[in-house]
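Now, the feature entries from Swiss-Prot:
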BINDING   CYS47, THR49, HIS69, CYS177  Zn(2+) 1 binding site
BINDING   THR49, HIS69  alcohol binding site
BINDING   THR49, GLY202, LEU203, GLY204, ALA205, VAL206, GLY207, ASP226, LYS231, THR272, PHE316, ARG366  NAD(+) binding site
BINDING   CYS99, CYS102, CYS105, CYS113  Zn(2+) 2 binding site
Amino acid sequence: MATAGKVIKCKAAVAWEAGKPLSMEEVEDAPPQAMEVRDKILYTALCHTDVYFWEANGQTPVFPRILGHEAGGIVESVGEGVTELVPGDHVLPVFTGECKECAHCMSEESNLCDLLRINVDRGVMIDDGQSRFTIDGKPIFHFLGTSTFSEYTVIHVGCVAKIDPEAPLDKVCLLSCGISTGLGATLNVTKPKKGMTVAIFGLGAVGLAAMEGARMSGASRIIGVDLNPAKHEQAKKFGCTDFVNPKDHTKPVQEVIVEMTDGGVNRAVECTGNADAMISAFECVHDGWGVAHKEAVFKTHPMNFLNERTLRGTFFGNYKPRTGLPGVVDMYMRKELELDKFITHSLPFSQINTAFDLMLRGEGLRCVIRSEE
């Protein structure tokens, strides 16, 4: 392309400070260096993680910054040493990476790349410690190595998944974060078999993606657990057969589920990050063979392990970004995985702050933001 090797001036939504509306600015995006790729972002979606770091909740503030990490685009140019991608390739940027050389990448069981594992505080490129974005010569920091709230962005090649060019980027862009996280927690970690019972705790986008995985696996009974009764109707689109609101019961929700399933579910996936929900998810699985997935710290009686329950943690659904995500896209292309039902809003890039407002009000699942007006 004519822009290869040159600085590109483009629009980007810049977060200048915590909690303030993003500002549409003209930024300069430098060409990719060794083992880097410059992508033209066509579609990006807003994830709760973007909002969390925009608000700087409990984190080290890194501003000014270009947020965004769930997106789809086309390779504009590549840096020295990049051999797997060429300009024109359709790609998904990913907030974590796969160098294909470290012990984790060589393992069939792990996706925690030593080189490119998620780093929320790093606002620069990993190779030279510099930002590729500037305004009037001053650096604008990156976010999760992706910064997809920009028309063009430079990303390490290990954080870019090449996908089927026939796949619609306005749909599969969702797979670069939340949907794959939930889907893989079910398909790759808890691995329910056809006819099993599955409980999903937390029915946001990640939880519903986990539920979609249970549906795809042929689970005979899928129990959705959430404190918001309005989530029930929406969950039915994802295969939910039963809905339990812990506030409707006087006993712990795990006891309710054990009673309604004659001893417990076969699999449980916890998608809230709440310690109490983790305990409930673990203790509602059947003794002897139950498997529960969790996201963080929790406490339970050691006897629950002696009773042959299994607890598993996972990151990004256990998918390796470069070698695993193309297969998830293929699931969508084969009509096994349904993505349209996750998309509740669509907006032009100029209205990106409206997407933040929608999420802050708890409206919808995913808002897809298109770069073209």
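Each Cβ is built from the backbone N, Cα and C atoms, and glycine gets one as well.
Shown on the structure are the features that Swiss-Prot records.
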residue: CYS47; record: Zn(2+) 1 binding site; Cβ neighbours (10 Å): 25
residue: THR49; record: Zn(2+) 1 binding site; Cβ neighbours (10 Å): 19
residue: CYS105; record: Zn(2+) 2 binding site; Cβ neighbours (10 Å): 21
residue: CYS113; record: Zn(2+) 2 binding site; Cβ neighbours (10 Å): 23
residue: CYS177; record: Zn(2+) 1 binding site; Cβ neighbours (10 Å): 28
residue: LEU203; record: NAD(+) binding site; Cβ neighbours (10 Å): 26
residue: ALA205; record: NAD(+) binding site; Cβ neighbours (10 Å): 23
residue: GLY207; record: NAD(+) binding site; Cβ neighbours (10 Å): 25
residue: LYS231; record: NAD(+) binding site; Cβ neighbours (10 Å): 19
residue: PHE316; record: NAD(+) binding site; Cβ neighbours (10 Å): 23
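Spacing of CYS113 (Zn(2+) 2 binding site) relative to PHE316 (NAD(+) binding site) is 12 Å (Cα to Cα, whole number). In this entry, THR49, GLY202, LEU203, GLY204, ALA205, VAL206, GLY207, ASP226, LYS231, THR272, PHE316, ARG366 make up the residues listed for NAD(+), with the farthest two CA atoms of the set 23 Å from each other. Listed in sequence order, the residues HIS48, ASP50, GLY68, GLU70, PHE95, LEU144, SER176, GLY178 complete the 8 Å Cβ shell around the Zn(2+) 1 site centroid, once CYS47, THR49, HIS69, CYS177 themselves are left out. A count of other CB atoms within 10 A of each Cβ picks out CYS99 as the most crowded of the binding-site residues CYS99, CYS102.
In sequence order, CYS47, THR49, ASP50, PRO93, VAL94, PHE95, PHE143, LEU144, THR146, SER147, THR148, SER176, CYS177 make up the list of same-chain residues 6 or more apart from HIS69 (Zn(2+) 1 binding site) whose Cβ falls under 8 Å from its Cβ. Distances between the Cα of CYS102 (Zn(2+) 2 binding site) and those of the binding-site residues LEU203, ALA205, LYS231, PHE316 are shortest for PHE316. DSSP assigns THR49 (Zn(2+) 1 binding site) to a helix. Under DSSP, ALA205 (NAD(+) binding site) is assigned to a helix (H, G or I) in the three-state scheme.
Closest by Cα distance to CYS99 (Zn(2+) 2 binding site), from the binding-site residues ALA205, GLY207, LYS231, PHE316, is PHE316.
Within 8 Å of the Cβ centroid of the Zn(2+) 2 site, not counting the listed residues CYS99, CYS102, CYS105, CYS113, the chain contributes GLY97, GLU98, LYS100, GLU101, ALA103, HIS104, MET106, ASP114, LEU115, LEU116, GLY158. If you take the Cα of ALA205 (NAD(+) binding site) and the Cα of CYS105 (Zn(2+) 2 binding site), they are about 27 angstrom apart, rounded to a whole number. Cα-Cα distance from GLY207 (NAD(+) binding site) to CYS105 (Zn(2+) 2 binding site): 26 Å (rounded to the nearest whole number). Between the alpha carbons (Cα) of CYS105 (Zn(2+) 2 binding site) and PHE316 (NAD(+) binding site) lies a span of roughly 14 Å.
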